[in-house]
Amino acid sequence: MKFSYAIAAVVAAAASVQAVETNGQRMARGLKPLPPRNIHRRASRTNEARGATPSGTPSGGDYNCNTGSVQCCNQVSKANDTVISAILGLLGIGGVADDVLVGLKCSPLSVVGLGSGNSCSQRPVCCENNSKGGLVSIGCIPITL
């Protein structure tokens, strides 16, 4: 008798299980794949942990350089580059560390006016020392506009 109840339970369970098509079968018919099923219903510690927040958010086009103005430079290299070091020497600029980025032939760039034809085809940077009229800008940081 116990055996017949066990068989009846197995048959009833098998009959109540619905066949779910695989994602491969759905994609073969041109349908989107199903999202993954959550097999474990209780949350784990990683699910309960608070997600990290970004350290900063870009400010919708009003890019502000903390070190100086936005410049568009024809060339940006480290101060130990042979061309850059020669130009710095000719201008009498000394004491620049070898790993500092230096921009050559820089012109001011208005980030607000980028949509109206004011664009930088070379390399946009923020430079802290633009005292040589755009010929040499020292302490540059590359930026993405």
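Every residue gets a Cβ built from N, Cα and C, even glycine.
Computed from a predicted structure; not experimentally measured.
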Looking only at C65, C106, which is named in Swiss-Prot as the disulfide mate of C73? C106
Need the cross-check against Swiss-Prot: the disulphide partner of C65, picked from C120, C126, C127. C126
Of the recorded positions N80, C106, C126, C127, N129, the one whose Cα sits nearest to the Cα of C72 (disulfide bond) is C106
Out of C65, C73, N80, C140, give those recorded positions positioned within 10 angstroms of C120 (disulfide bond), comparing C-alpha atoms, in sequence order. C73
